[in-house]
Amino acid sequence: MAGNVFGQMFRITTWGESHGRAVGVVVDGLPAGLPFSEADIQKELDRRRPGQSEVSTPRSEADSVEILSGIFEGKSTGTPISMLVWNSDARSSSYDAIKNTPRPGHADFTYIARYGIRDHRGGGRSSARETIGRVAGGALAKLLLSHYGIRIVGHVLELGGIRAKSLSFEEILENVERTPVRCADPEAAKKMLEKVSALRQEGDSAGGIVEVMVKGVPAGLGEPVFDRLDADLAKALMSIPAVKGFEIGAGFEAARMRGSEMNDSFLMEDGKVTCSSNNAGGILGGISSGLDIVCRVAVKPTPSISKLQQTVDLTTRENAEIAIKGRHDPTIPPRMVPVAEAMVALVFADHMLRSGFINPRTLLG
């Protein structure tokens, strides 16, 4: 199975399955000299872990990270960093009844079509538990970027058809962790929570939109034509399980605008080139303009629902019905926020190294 490596100069390789012994990541390309600890990684993993609120799966995992290599006396050595998280609360027997009946909306059928075999326990490699490795690697990318004044924040912009009001980067940063749905607008967050609770009672689920903003990005990041910054962001975010759409800046709204409305006029401010608006989302021609990066992903409803659905029995080759049991999130966006932030951080760490803004060997001077 290929496709487990992401990045060029700052690379991660994730490994493990939902109900295997452990999941983890190997990070390669982090320059020597970056101070970090398990606590820095754990802080991000705690935001992603299950069982943290009423809008997440009740699966109880501590998701405690162990750093196995690449660190000495509290600093990166420039060698590969391997991190591991043990799986401790897997209940594989819950999935035995659906071993031969692919779940609608899941990768069950397509994994069989591709490989001829699949780990049916919790989705195996296709489970969102794989994103633990992404978040751990992204935590290091965030730390690296913070040394260069680059900050990243994500939030739930929309959930179950309820949309938050427009907020600034600082407002989102200050308020996003104050609600279980990770929406920085308190009024919208309350309605979102009520909607998800009602859907959960019905045995159904809700989708939504996660927005990620990046502040402090220098102008000049990106490698046209095929490694455009926005193209790499799209690939990174579209690789997250359950993501079905991506947009940057005005996004699909740009299709309904005039050129005079869409174009961001240039102007001088404190001796620097800036723009009067940011419909381009901070990227022009695949290269960062120095404005904030603003991108969004559409997240589908959790496909694991207890409502009766139609499927097939791959053993008898007949039509069948399925009602999925087990412990599942009633909505995905709140726990996707740290995953989306991590993938964006990985893209920017990679491009900062590729574009020469960061010394690829050492931060020690």
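Cβ atoms here come from the backbone N, Cα and C positions, even for glycine.
Per Swiss-Prot, the features are:
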REGION    41-62  region 'Disordered'
COMPBIAS  41-51  compositional bias 'Basic and acidic residues'
BINDING   Arg48  NADP(+) binding site
BINDING   Arg125, Ser126, Ser127, Gly285, Lys300, Pro301, Thr302, Pro303, Ser304, Arg327  FMN binding site
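Thr302 (FMN binding site) sits 16 Å from Arg48 (NADP(+) binding site), taking the Cα positions as reference.
Residues 57-65, 67, 83, 85, 131-132, 135-136, 138-140, 142, 177, 327, 329, 335, 337-339, 342 of the same chain sit 6 or more residues outside the compositional bias 'Basic and acidic residues' (41-51) yet have a Cβ under 8 Å from a Cβ within it. A helical conformation is recorded for Arg48 (NADP(+) binding site) in the three-state DSSP classification. Among the binding-site residues Arg48, Arg125, Lys300, the residue whose Cβ has the fewest other Cβ atoms within 10 Å is Lys300. In the structure as shown, the Cβ atom of Ser304 (FMN binding site) sits within 10 Å of 20 other Cβ atoms.
The 10 Å shell around the Cβ of Thr302 (FMN binding site) contains 23 further Cβ atoms across the protein chains shown.
On its own chain, Ser127 (FMN binding site) has Glu17, Ser18, Pro241 as residues at least 6 apart in sequence with a Cβ closer than 8 Å to its own Cβ.
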